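Copied over from TrEMBL, here are the features:
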REPEAT    37-58  repeat 'ANK'
REPEAT    69-101  repeat 'ANK'
REPEAT    102-134  repeat 'ANK'
REPEAT    135-159  repeat 'ANK'
REPEAT    200-221  repeat 'ANK'
REPEAT    362-383  repeat 'ANK'
REPEAT    394-426  repeat 'ANK'
REPEAT    459-491  repeat 'ANK'
REPEAT    526-558  repeat 'ANK'
REPEAT    559-584  repeat 'ANK'
Amino acid sequence: MYEDNREALLQAAKDGALDELTALLAKCGCIDAKDDVGRTPLYIAASKGHLDLVQELLPQFDVNAQTREGATPLLIATQYGHLDVVRLLLDAKADVNIAANDGVTPLFMAAQIGSIDIARTLLDVNANATKSMHNGATPIIVAAQNGLVEMVKLLLPHGNPTAAMVGGATALLIATQHAHTAVVQALLEVVNDVDIPLTDGTTPLQLACAKGHLAIVELLLAKADVKKTRQDGATALALGAQYGHGPVVSLLLAQASWTPEAIGAAVLMAAQNGHVQIFDQLVAFAPSSVHFAMEDGTTAMIVAAACGRMAIVDKLLAAKVDLLAATKTGATALMVATEHGHMRLVTKLLPLYPATGVTMRNGATLLHIAAQNGHVALVDLFLPTTDADAETHDGTTPLMLAAAKGHDTVVATLLSAGANVNTVSDAQSFALLAAAQHGHDAVVRQLLPTANVNLTRSDGVSALLVAAQGGHIAVVRLLVEAGANVQQMTIEDRATPLIAAAAKGHASCVEALMEHKAAIDHPMKDGSTALFVAAASGHLDVVRLLLKYGANAHQAMKGGMTPLTVAEQCHHQEVAALLIKHGV
């Protein structure tokens, strides 16, 4: 009966049925009535704006009762803009500063919906305008975000205009971001420090320049430090140039005496993003800026070449910039154009470079760069003048790089040009190993006709072992079918491909190796077998498979530990149970 009355009372509050509600209250009271999320009849009536019901319910229900989310009748009445209900609740001593679980207060809600009358009413009873949500947002911040200039003006005398959210955003920065010019103007009347940044160092002025909000830039320049930099070193000028805002760049150039470095960085940004008019504007302002280099050696020519900005490259060539200028790694404009596959740029730049200008500091040629990045047309371009087996200082060849990246068309081109598939670098890499390690079965298939399938590193690691270890079943099958030695051991610990696959839990690779007669009980230097390492790692499927193929479950390591004891020690209960069931 109580439950029926409770439901009826809640429904009457929702429907605004005063007579029914009054009768129910007289009949049963139900002063603790709440729905499943903690809403009382008073809360529901307040949310619907039923003033007469709120008046009837106030004497019998807690005016500050909160839902599970922490909302009060005052908060919900504010949210829906019910001014008369708000006034009635306040007259009943509703606490104006109770916040919901996320920190939202009635005043914050009034600011968010833009209700000046409710906000003023709340402020008249000492609503706290500085109280923030858990993310740091205040009533002023949310009003600024929504462009509510009159609300911002109302709140400013009561709140903190420079309060910041988590991440550092202030009302001024947020208004700037959303291009609310009138709000920015209102804030600037009371805010003196207009350079309060985000955690990455971005100031309102820098943000305005990046967004191209010219009117806001003009307002901020009256107080902002125009030369302030972000943590990454970017200035307002560089950001305006980066995003292609010509009027902003013009305004900034007229406002300050910029250093050559600042102009140069802006030129670099314009070049990188292909903003030709801004590039011209900056270079006209400071002609020498075309030669500027960042700390890492990056120049406008290098970034323009990397991004394929042909028009800007032409302008830089006309300005006779140093084509041999390079980054700290030795990358020139020609090299980065090659890296990114810009054929037209490469063919334009290549004749302008001396022979000594086409090799990186590690000895990599343009052919290496093109091969590593899969640009087959450029590989074709470089092959007539570059040895297909050209080596870097550590002996790496273009074929190794292409194989490691899985660029099968480049691999085919290099092989057709006579590249040696069996060259081993000083770092103990070779093409088949590199392709196998990364699971590039298409490349492995191309290499196998001329590759030594049993070639190893100096430590005995083979292509088959790394493929098995990585779980690359397609590569494992290709290699064993081509005659790879399934018993090939590493020199130091005597690990085989089977042990490597078992240790990593690659059941399909284990089965493929067993089908090709891998020695199932071969012990490593410490005596551990494929079954032992699988048990130690808890690879149940592999243990089951090895037992199926007849692995010796009693074979112990040199220290006496068996597959069962190591499984138990490592708490692999299912593996231990399987071994016991097998008769261990």
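Please read every residue number as a count from 1 along the shown chain.
Cβ coordinates come from backbone N, Cα and C, glycine included.
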Which residue counts does DSSP yield for the repeat 'ANK' (135-159) in the helix, strand and coil classes, in that order?
14 helix, 0 strand, 11 coil
With DSSP as the yardstick, break the repeat 'ANK' (69-101) down into helix, strand and coil residue counts.
16 helix, 0 strand, 17 coil
Composition by DSSP (helix, strand, coil) of residues within the repeat 'ANK' (459-491):
17 helix, 1 strand, 15 coil
Against which stretches of its own chain does the repeat 'ANK' (559-584) lie, if we need a Cβ under 8 Å and a gap of at least six residues from its ends?
526-527, 529, 531-532, 534-540, 543-544, 547, 553
How many of the residues that make up the repeat 'ANK' (362-383) does DSSP mark as helix, as strand and as coil?
15 helix, 1 strand, 6 coil
Long-range environment of the repeat 'ANK' (394-426) - Cβ separation under 8 angstroms, sequence gap at least 6:
362-365, 367-368, 370-376, 379-380, 383, 388, 432, 434-435, 437-438, 440, 442-443, 446-447, 450-452, 455, 457
